Each structure stands twice: as C-alpha cells, then as structure tokens.
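Notes follow once the structure below has been shown.
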Amino acid sequence: MDIVATTQKELYGWYAYAWAAEPFMVVAVATYIPQLLQSYARQNAVLADDHSQPCDSPPVPFPGDPGVPTDPGIPPNNSLSSSVPWFLRANEIQLLESPDTVHTMKDHKAKPTQPTCVIKFFGIYIDTASFPLYTFSLSVLLQVVVVISMSGAADRGRFRKQLLLFFGIAGALTTGLFVFITPKRYYLGSFLAIVSNAAFGAATVCGNAYLPVLAAGMKDGTTSEEPSEPSTPSDTSKPASRSENTPLLSASGVDYETGESSNTAEIVKIDHRANVSARISGTGVALGYLAGFIVQIISIYLVITTGSTTWSLRLALLIVGVWWLIFQIPVLMWLKPRPGPPLPIKTDPQNHPWTATLDRVTNGGWSYVTYGWKTLLVTFKEARQMKDVALFLVGWFLVSDGITTINSTAVLFAQGELRMSPANLAVMGMLVVISGISGAKLTPLIGGTRASPIKSIVVVVSLAAAVPAYGILGFFFTNIGLKNPWELYVLAVWYGFALGGLNTVCRSTFSMLIPRGKEAVFFSLFSVTDKGSSVLGPLLVGLIVDKTHNLRHAFYLLLVLLITPIGLFLMIDMERGRKEAEYLETVEE
C-alpha cells in the first residue's frame, strides 16, 4: 500500500498536537496539581492523634466565597504590613495559608511546632502529603491500562486521528474543570487529576503513532506541496507496509521494514526514514517545551497577581486546559486521518466465539483491545530470551521510577517543609525544563564518541542519585540538606540535567541491544516499562510518609531506587547483547 505524501500543513498539524499537550505535563503535573491537592487535603485534615479535631488552619479564601475581600490573597485585619512589595507578597501569602502554622517571612527560618495532619482516603487515614502521591500513582496505573488497551485501535483501522482528538479534548476539559473544584470537593480534584493524566498518556501515544507514517510520506526528507492519493493495493494478501503498522506503543518514533536487513538499499532507506522521523520528533519535542515555557510564564504572572492562593492554582490549571483545547483546532483541520491496516486475521473475534458478543456490543472495539495486550505479551516473551535486554529493562524500571518520583516529592517537600510559594515552585519547574534540554544535548558527549554507553548511563544515574542523597544530609546538618529554598533551585538545575541526559542515553543504548527489524515492538516494551514504573514510586513514598509523617524519609527510598540499578547496568555486556540481537534477527516472528 502506497503512503500518502506528507504535506507541510499536515506536519504543522502534528506539531500543533505537541504544542497543545506538553504544557499539561510541564505546568500542570510538574507544578500545580500536586500543590493544589496537598493544599485541599490539609484544609480538610484532622489531627493524627485525635480525628475529632480539625487541623488548626482556616480555609484559604478564593473568589466566590461569602465574605472574601476584593483581594482574596489578603485576609481581613491582616497584621502584615501593606508595604511588602508585590514580588515578595506571594511568599508571604503562601505562608499565611499554611495549614499548620501562621508566621511571617521574618519567622521563615524558625521551625514552629506543627501538628501532624491526616485525611480520610478510601476509608483509611493518610498523611496530607500522601494524598497527591496516591492520586498520581492511581493515575499512572490507569494510564498504562488505557494506553495498552487502545493501542491496537489507534495503530490498526481508522481510529488514529479520532482517538488523538478524543483524548486531547478529554484531557483539556478535565484539566480546565479544576477551576470549579473547591476545598470540600477534594475527591473530585483527585478524580480529575487521574483522568487528565491518563488522557495525556493516551494522546501522547496516539501522536507517536503518526511519526513513522509522516516520515514515510517524506520521500526525500521534505514535504509535498500537494497531497497525493494512495493507490489501490494490487494484492490484498500482501502485508501492509511496516511504516503503517508500527506498534503504537513505540516511543522511538522509528520506522523499520520487516523484511530481511541484508539488502543494502533497503537499509539505507530504513536509516533515512529513521533520520527523518527523529528530526520530526525532535522538532515536536522542542515546540512542546517552548509551549510549556510560555504557559509557565503566563501562569507565574497569574499566580502572583491573584495572590498565590488555591484560586490562583485553579486559574493556572484553567489556562493549561484552555491552551490544550484551543490548539486541538489545527490538529483537527490539518492532520489527516491516516488509517492503518486491518487487524491480522488471527485476532479476528470470530475465531473465538465466546468473544463475539463482546465485539458486537463494542462495535468491533474488543478486537483492538485484545490485539494491544497480545502484542505486548509477545514482545515480553521475546525480551525474556535476551539476558542483556532483560537486565536493561529491570534497571530502567527502577531508574525511571526513582527519577520520576523525585519531581513530585520535591514539589511537595518545597511546599510543605520549606513553605515555598506556587510562583517560586513554577520557577523551579522552568529551571528543570531548561536544564533538561541542556542535559539531552550534552550527555551524549560524556567521555567522547568512544565512551561506553553503559558508563555514560552510570554517570548520569549517579548525578541523579545525588539529589536524594543531598536531601538525606538534612537529618545530620542544620544549615544544609534542603533546609533553605535556594538549595532547591540549585538541585532543580542539577536534576533537570540528569533527567534530560538519562532519557537520551538510555534510549540510544537500548536501541543497540535489540534486533534489527523488531525495534518498534521492543520500544513498545521500553515505553510501557517507563510508564508502569511510575506507579510504584509515588505509592511507596506515600506509605513512608503515612508511617513517619516526614517527607524527608522518602529520600532514602529514592536513593535506593537510583543506586540499585547501577549494579544491573554494569552486568550488561554490550557485545553479548549485540550477538543475541543478531541471532533473533534470523528468527521469524
């Protein structure tokens, strides 16, 4: 089947998807949703030692409440001097809305005695800092299930664009609906966070599915001015091109043919498409980060000018949702449907009578769900045959879990322990993004072109492990070890560099260990491992906080998650891994 030529307008439509969605992760998930959920949890909390007594904190005012003054950030009869500059007032208000204590910026260095606050969550009492962590863990679990279940529908058949738009609009609406969530409806806030994060993950995977098709439509690495019509296949018994049925879960965006790799011309063609796909993907990532940067700037201004209250956080999330929704328009107008090939006959539900009813009820949807799960299972079985791939994936599972959980833990620690304002936390998030771009560009240069990729991974993981290790120092020293807000700014730059570098070097190393011609299915497992690991970290951190009521203890867990895989990575033999991959290249699927 011929591929329709990719036009410049269609490419802009794909870029619009990244431009629309990425601010959700950069701004909403990384900065404001954890703050809002923790603030609401504390406002509804009770004392840990007496559940009949609420924690001593008045609710944070926001427009719409009876008796709220014109400036919702400044309560009536405020004892703070009105001469405090506007750029410091955000910090002052954040301290005032702290649920455990009321003190001015002059008392910031003092550590007042704080009661331990807990909130009821599914029938049990948990620490208020655990509430956003459990929420995030549940959201990632749902995201993994949704992504695997819908992968077949987006990769095969006519649903690719429909699913991209559906999940994009669903994510935008659920993010914008945060503006209506008041403190007493904190459970709804948790629900919106779970649904919006799952929608983001599904939309991202749908977007990745377009990469190989768009790259295949650029014959000489350039777009076509006029779209060409696909020709009718002369032999319907032939399998569809690999560029059209690359598994949706592939995070690599690389298109490879399924034929023998011995043909030199075919290899050149494959490498060309890989380069084109990488170029498109890189531009999309850059535009996504730029959009996140712009929305973060807007949100910081909004948060400061509205008083750094929970109302400010909700407005910031509304901006993210509106941004995401508006830029679905160019996606709708410019991106082609790009239908994929039909499901393989062996997955037809008619071969399994007991599923025929389910497939009929879901209008054929059940076939696509089962196809996604079966594809993942086949890939997992193949990976088990390769020792070095298995070692890498286990190490990647732990590292990805640890480095991802650092972000949410740091935000909650900064808000709860260091009393940093939402605006300051947003600045911290921007530093992570900027530094992450630098890390992605510079990490491949570590040790020169002849450096072992395993050594590069060990170096970057060690850099990441320094973040929780530094937090642990706070148990033993009074002036260092995340005792001051400025320390978090420094660690944000350090962490961002490690985060950007880790994703780059791990992806490239994994690509060296897998069989040629099976890159897409193996990268699907790489992607699912990445997403699935993020369920465990927040869950364990939440359990630690519930037990100790001290978020700093979580740094021990994060340190273990990051240093343990170093031993696994050092056990990988790249030469042995390449030989295993070459052997599997000769094995028919």
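Keep in mind that glycine also has a Cβ here, set from the backbone N, Cα and C atoms.
Annotation comment: Swiss-Prot describes 13-33 (among others) as transmembrane segment, evidence class sequence analysis. Same-chain residues lying 6 or more positions outside the transmembrane segment (13-33) and placing a CB less than 8 Å from one of its CB atoms are 132, 136, 164, 168, 171-172, 175, 178, 193, 196-197, 200, 203-204, 207, 210, 214, 280, 283-285, 287-296, 299, 313, 316-317, 320, 323-328, 330-331, 333-336, 407, 411, 422, 425-426, 429, 432-433.
The region 'Disordered' annotation in Swiss-Prot covers 48-73 (among others).
Residues annotated as compositional bias 'Pro residues' in Swiss-Prot: 56-66.
The N-linked glycosylation site annotation in Swiss-Prot covers ASN77 (among others).
Counting same-chain residues at least six beyond the ends of the transmembrane segment (128-148), those with a Cβ under 8 angstroms from any Cβ of the stretch are 29, 33-34, 37-38, 41-42, 45, 99, 117-119, 121, 186, 190, 193-198, 200-202, 205, 249, 372-373, 376, 408-409, 412, 416, 528, 531-532, 534-539, 541-543, 545-546, 551. The transmembrane segment feature in Swiss-Prot is assigned to 128-148 (among others); the stated evidence is sequence analysis.
Residues or ranges marked as transmembrane segment by Swiss-Prot: 163-183 (among others). Using a Cβ-Cβ cut-off under 8 Å and counting only residues 6 or more beyond its ends in the same chain, the transmembrane segment (163-183) has close neighbours at 17, 20-21, 24, 28, 33, 36, 39-40, 43-44, 59-60, 62, 150, 153-154, 189, 192, 195-196, 199-200, 202-203, 206-207, 210, 310, 314-315, 317-318, 320-322, 324-325, 328, 331-332, 335.
What Swiss-Prot lists as transmembrane segment is 187-207 (among others), and the listing cites sequence analysis.
What Swiss-Prot lists as region 'Disordered' is 221-257 (among others).
Sequence annotations record features per position, and here Swiss-Prot assigns compositional bias 'Polar residues' to 235-249.
Sequence annotations record features per position, and here Swiss-Prot assigns N-linked glycosylation site to ASN275 (among others) based on sequence analysis.
Sequence-distant contacts of the transmembrane segment (284-304) (same chain, at least 6 residues past either end, Cβ-Cβ under 8 Å): 14-15, 17-23, 25-27, 31-32, 86-87, 89-90, 207, 312-313, 315-316, 319-320, 323, 421-423, 426-427, 429-430, 433-434, 437. According to Swiss-Prot, the feature transmembrane segment maps to 284-304 (among others).
Within the chain, the transmembrane segment (315-335) has long-range Cβ neighbours (under 8 A, six or more residues past its boundaries) at 9-10, 12-14, 16-17, 19-21, 23-24, 27-28, 31-33, 36, 161, 164-165, 168-169, 171-179, 210, 291, 295, 298-299, 302-303, 306, 422, 426. As annotated by Swiss-Prot, transmembrane segment applies to 315-335 (among others).
Residues or ranges marked as transmembrane segment by Swiss-Prot on the basis of sequence analysis: 389-409 (among others).
Residues or ranges marked as transmembrane segment in Swiss-Prot: 426-446 (among others).
Residues or ranges marked as transmembrane segment by Swiss-Prot: 457-477 (among others). Remote same-chain partners of the transmembrane segment (457-477), defined as residues 6 or more beyond its termini with a Cβ less than 8 Å from a stretch Cβ, comprise 399, 402-403, 406, 410, 413, 439, 443, 446-447, 483, 487, 491, 494-495, 497-499, 501-502, 505-506, 509, 552, 555-556, 558-559, 562-563, 565-566, 569-570.
According to Swiss-Prot, the transmembrane segment annotation covers 486-506 (among others), on the basis of sequence analysis.
Of the Cβ pairs linking the transmembrane segment (486-506) with the transmembrane segment (554-574) and spaced 6 or more residues apart, fewer than 3 are under 8 Å, so the two regions do not touch. Per-stretch counts of Cβ pairs under 8 Å to the transmembrane segment (554-574) identify 525-545 as the leading one among 187-207, 426-446, 525-545. Using a Cβ-Cβ cut-off under 8 Å and counting only residues 6 or more beyond its ends in the same chain, the transmembrane segment (426-446) has close neighbours at 26-27, 30-32, 286, 289, 292-293, 296-297, 299-300, 303, 316, 407, 410-411, 414, 420, 456, 459-460, 488-489, 492-505, 508. When Cβ-Cβ distances below 8 Å are used as the criterion, the transmembrane segment (525-545) is approached by residues 126-127, 129-130, 133-134, 136-137, 140-141, 143-144, 147-148, 201, 205, 249-252, 376, 379-380, 383, 393, 396-398, 400-402, 404-405, 408-409, 507, 510, 551, 553-554, 557-558, 561 of the same chain, each at least six residues removed from its ends.
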